[in-house]
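For 5-150, the entry in TrEMBL reads domain 'Lactate/malate dehydrogenase N-terminal'. If you look up TrEMBL, you'll see 11, 12, 13, 14, 15, 16, 17, 42, 105, 112, 129, 130, 131 marked as NAD(+) binding site. The substrate binding site annotation in TrEMBL covers 92, 98, 131, 162. Taken from TrEMBL, the feature domain 'Lactate/malate dehydrogenase C-terminal' applies to 157-317. Residues annotated as active site, proton acceptor in TrEMBL: 187.
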Ligand code: NAI
């Protein structure tokens, strides 16, 4: 039996947590032969709810669940964690300005970044889900000077998966047949889902769909505003699909993608003219527990416009939180 992997999850009592933890414990994320220890962080007032979730986890009798810890202290939650999924964040309340939201989250993610820096396994893989995910990931990364910035990522995988489904429906082909989709930028309505390089059974998706108006007027707005559409329809935000995307993101980073492209929000290395360090969605290939940006893609005028729009938004968010980083 392999040694258990310590997986820290924040916001463990929340909606996404409830869809996420059971799948991690069942082995869907790290593998059906990989025991896990769940280290659950939530606010003091949510500790009773976390206990309830732990009771249910116990009642599943998951063979791979080797232990659980519940705490309101990030230093405890991140101790020796090899994977950290940062879901808990401050939601936008009524009348709250964007700047206030960024600052409230800045306070959370500086503390959590420092706790990861001081206590996590030196190779910890960090995924930030809590919104604004890219900027929260940036703050955590900057608050953890002893860890490699590449260990910090933001979740764009939900946008990627949403785009895959829309393309499959439009093309009348199964989702599994689609390769080489890219999503650029911020996890926000400005993200740019780009199917110019995508293929289905070797055929180019752009030529197959051959409908630029659909791309601009239907596809991009549908993917960009999907979260709002789900809240409108369900009365609650997209928790199960977000949890699913988190599982996909860590699964692929951990196990590799066999040459397939996936989208991750990662600190830019300057590729495609995106300023170095900006936490930006890129098409990547994962291998040996690491990722690398797919290189050499031609960027046309429409794409550059969209990529710059989402870059500008991220730079504005970064400028708003810079004072918090000292
Ligand atoms: P939720 O409100 O149901 O749960 C959030 C949980 O986080 C609560 O239990 C809360 O007590 C906890 N929490 C708040 N501050 C915390 C802190 N400082 N430390 C630890 N725990 C803390 O929200 P839900 O639906 O689970 O969503 C969580 C986050 O994920 C939100 O920010 C949401 O916007 C974001 N999200 C991101 C997506 C993405 O694609 N990146 C997709 C969907 C949601």
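From the backbone N, Cα and C atoms, a Cβ is placed for every residue, glycine too.
Predicted automatically and left uncurated, TrEMBL annotations should be read as such.
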Largest CA-to-CA spread of NAD(+) binders 11, 12, 13, 14, 15, 16, 17, 42, 105, 112, 129, 130, 131, angstrom: 20
Binding-site residues close to ligand 1 - of 92, 98, 105, 129, 131, 162, only those whose C-beta is under 6 Å away: 129, 131
For the residue listed as 'active site, proton acceptor', the number of other Cβ atoms found within 10 Å of its own Cβ: 30
Rounded inter-Cα distance in Å - residue 11 (NAD(+) binding site), residue 98 (substrate binding site): 21
Cβ neighbours within the same chain of residue 13 (NAD(+) binding site) - under 8 Å, at least six residues apart: 42, 46, 47, 49, 50, 52, 53
Span of the substrate site, taken as the largest CA to CA distance across 92, 98, 131, 162 (Å, rounded to a whole number): 25
Between residue 131 (NAD(+) binding site) and the residue listed as 'active site, proton acceptor', the C-alpha gap once rounded to whole angstrom: 8
